[in-house]
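A.B. asks: For reference, the structure I am asking about is given below.
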Amino acid sequence: MLLQNFSNTIFLLCLFFTLLSATKPLNLTLPHQHPSPDSVALHVIRSVNESLARRQLSSPSSSSSSSSSSSSSSCRTGNPIDDCWRCSDADWSTNRQRLADCSIGFGHGTLGGKNGKIYVVTDSSDNNPTNPTPGTLRYGVIQEEPLWIVFSSNMLIRLKQELIINSYKTLDGRGSAVHITGNGCLTLQYVQHIIIHNLHIYDCKPSAGFEKRGRSDGDGISIFGSQKIWVDHCSMSHCTDGLIDAVMGSTAITISNNYFTHHDEVMLLGHDDNYAPDTGMQVTIAFNHFGQGLVQRMPRCRRGYIHVVNNDFTEWKMYAIGGSGNPTINSQGNRYSAPSDPSAKEVTKRVDSKDDGEWSNWNWRTEGDLMENGAFFVASGEGMSSMYSKASSVDPKAASLVDQLTRNAGVFGGPRDDQGQSGNSYSPYGGDGGGGGSSGGSSGGGMDVMGGTTRGSSSSSGDDSNVFQMIFGSDAPSRPRLTLLFSLLMISVLSLSTLLL
């Protein structure tokens, strides 16, 4: 009997260690979480510096080149995203999907509907959320296949319920003035590879829910358990909850070139200090204009790594950047202009923290930021990690260039929207990259095949493609399955029981 128990124990222990080695390395990383976030921040800074250098080299004062070169120089602003898609040889409207090659930061590589069909929105109605009409925006976003969604004309879309968007979709408002408002607005839940570009989003209200869904919060854009998300060149204001909220293990996000006005709680990144997966949240916030009538949360962070770079903060009433739960905040090359209220000069706020003993080890960094009207940033934590020391050897461009880098923030080519919306009007795109009005698809509300490449291939990569392939390798191990963890636990219990017999 003793020999049999001993044999069973040996068998169970062997099985235990075999399964344990199969799960090695055991980790809880999020999909698309980058193993070295400081290296991503470094690459963003390099991209800005290189784009500004190219602009300088191509300027008429430094070159006597051809008219095409002069045209390119008039297009370039030094903003690496805009220079990528606006300043190529071809008109952007003939190659809309080049936009997918132009993201930077943690959202780099977001495909959206790249290499998918073009879907043209011709119907601005939202009469039947449960069975949407072909030609409506809702019909396009619920399709399973990759789609590049464009709009046939200027339109105001009043949503009756939240707009739930499936993976591999691009909402491309270029060439038309597209306004989205109403109940729920945009919801990205457990999806990947979404690009939201050049839309007015405002006055979003909570929706009662439909089918089996509960009540929505009234966010402009709600990102829930999703990865590879890029929000670019949107104008947002006047929503019930947040303008952009990212929670529940969302990561690999870039929020760039947007124009935010007239709102209280602007941006939430992480919903609970105790939600451990949000430690893997990684967000780049770049080239945005935080304008009139904003109060707080630009952003408000929990856990994770947030890179705030070359933004223009022109107004806040409480604070600009807040956090709890030990997030890493890397602020570089921003302009912070404090309000006149002497009690609101501090850029930062450690939310719900009683004393500095609680947050003194949080890594909140400031480098190259411009502080105006008495603004000040309270840094904390380690001076620099080894990688961050390396990153700091590449200076972030001075905040004095923020005007230049954010000059086109918000809906591109439209009027600056200091009142929160600008009506259903459209101003043609300026510069050499413009070609207003082209929808890029058929006039009908259906789908038009575009190209013959497959999803995931790159038709027009930039000069930095090799670097990005190196930085954004897919070497992160997969998450362990709960069934496997439960099996390990049961084997341990059985082993212990056998030993005690």
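Residue numbers in this text run from 1 along the chain shown.
Cβ atoms here come from the backbone N, Cα and C positions, even for glycine.
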A.B. asks: If Swiss-Prot says Asp241, Asp245 bind Ca(2+), which of Asp217, Asp232, Asp264 does it name for the same site?
C.D. replies: Asp217
A.B. asks: Which of these recorded positions is closest to Asn49 (N-linked glycosylation site) if you go by CA atoms: Asp217, Asp241, Arg297?
C.D. replies: Arg297
A.B. asks: What's the most sparsely packed of the binding-site residues Asp217, Asp245, counting other C-beta atoms within 10 A?
C.D. replies: Asp217
A.B. asks: Which residues, in sequence order, are found in the same chain with Cβ within 8 Å of the centroid defined by the Cβ atoms of Asp217, Asp241, Asp245 at the Ca(2+) site, excluding those residues themselves?
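C.D. replies: Those within range, site residues removed, are Ser216, Gly218, Asp219, Ser222, Cys239, Thr240, Gly242, Leu268.
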A.B. asks: Long-range neighbours only, meaning 6 or more apart in sequence with Cβ under 8 Å: which ones does Arg297 (active site) have?
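C.D. replies: When sequence neighbours closer than 6 are ignored, Arg297 (active site) has Gly242, Asp264, Glu265, Val266, Met267, Leu268, Gly322 within Cβ distance under 8 Å.
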A.B. asks: Using all protein chains shown, find which of the recorded positions Asn49, Asp241 scores highest when you count other CB atoms within 10 A of its CB.
C.D. replies: Asp241
A.B. asks: Does DSSP give Asp245 (Ca(2+) binding site) helix, strand or coil?
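C.D. replies: DSSP call for Asp245 (Ca(2+) binding site): strand.
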